[in-house]
Amino acid sequence: MREHRPIIALDFPSFEAVKEFLALFPAEESLYLKVGMELYYAAGPEIVSYLKGLGHSVFLDLKLHDIPNTVKSAMKILSQLGVDMTNVHAAGGVEMMKAAREGLGSQAKLIAVTQLTSTSEAQMQEFQNIQTSLQESVIHYAKKTAEAGLDGVVCSAQEVQVIKQATNPDFICLTPGIRPAGVAVGDQKRVMTPADAYQIGSDYIVVGRPITQAEDPVAAYHAIKDEWTQDWN
């Protein structure tokens with residue numbers, strides 16, 4: 001099922017910065033928020049408890065990649081935090097992903113990173129020594145993720161349709177790198193607008209700087225949300 005709220009990437013360096021940002025929104029508004037490495041390492045698990053206590057949904061974006069037993073144990077801890085979604089690197093392999101699923105349980109969604117949206121095909125071929133196309137690599141990882149019993153993948157919107165064809169229509173495609181028209185793309189190599197992401201079949205979208213660095217973050221959020229959901233029935 002598609003998520004109507006764009007996920008806001010809380011790419012802030014401190015707990016206080018998050019509090020200041022969220023204070024801009026009405027207290028009764030439930031948001032879907034992404035906590036990444038920078039914020040999690042700065043603020044610790046308490047940031048998740050704080051956000052959940054405010055009634056928000058949390059995507060904990062730590063991209064775990066380690067031996068299966070270590071990942072399983074880490075996921076058990078994350079499940080106790082009450083996260084709504086978290087992720088691993090598909091490159092860790094099927095056994096690692098299965099261990100992650102077992103550790104996390106079924107209450108939260110578990111997705112895998114295929115190729116980062118900052119990765120170009122040339123970079124992948126040179127530094128990862130993967131001598132296929134970028135799309136072929138993404139499809140391969142998506143199939144292995146489905147085989148491991150995970151809920152979906154993080155992927156570029158350009159890859160959504162081929163991933164759903166290679167797996168199944170209900171396989172979640174979470175798309176970062178979303179930028180409204182006219183907004184700088186930053187360090188993302190593969191980007192798309194919210195409306196385009198909807199049309200192509202993305203289930204979740206993640207938006208960071210176009211909201212967090214906007215002159216009016218609340219207005220920017222609602223404009224992106226409106227664009228994302230404008231064609232929903």
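Positions of Cβ are set from backbone N, Cα and C atoms, glycine also.
Marked as active site, proton donor by Swiss-Prot on the basis of sequence analysis: Lys63. According to DSSP, Lys63 (active site, proton donor) is assigned to a strand segment.
Same-chain residues at least 6 positions away in sequence with a Cβ under 8 Å from that of Lys63 (active site, proton donor) are, in sequence order, Met37, Asn87, Val88, His89, Val113. For Asp11, Lys34, 61-70, Thr117, Arg179, Gln188, 208-209, the entry in Swiss-Prot reads substrate binding site.
The Cβ of Asp11 (substrate binding site) lies under 8 Å from the Cβ of Gly36, Glu38, Leu39, Gly208, Arg209, Thr212, each of which sits 6+ residues away along the same chain.
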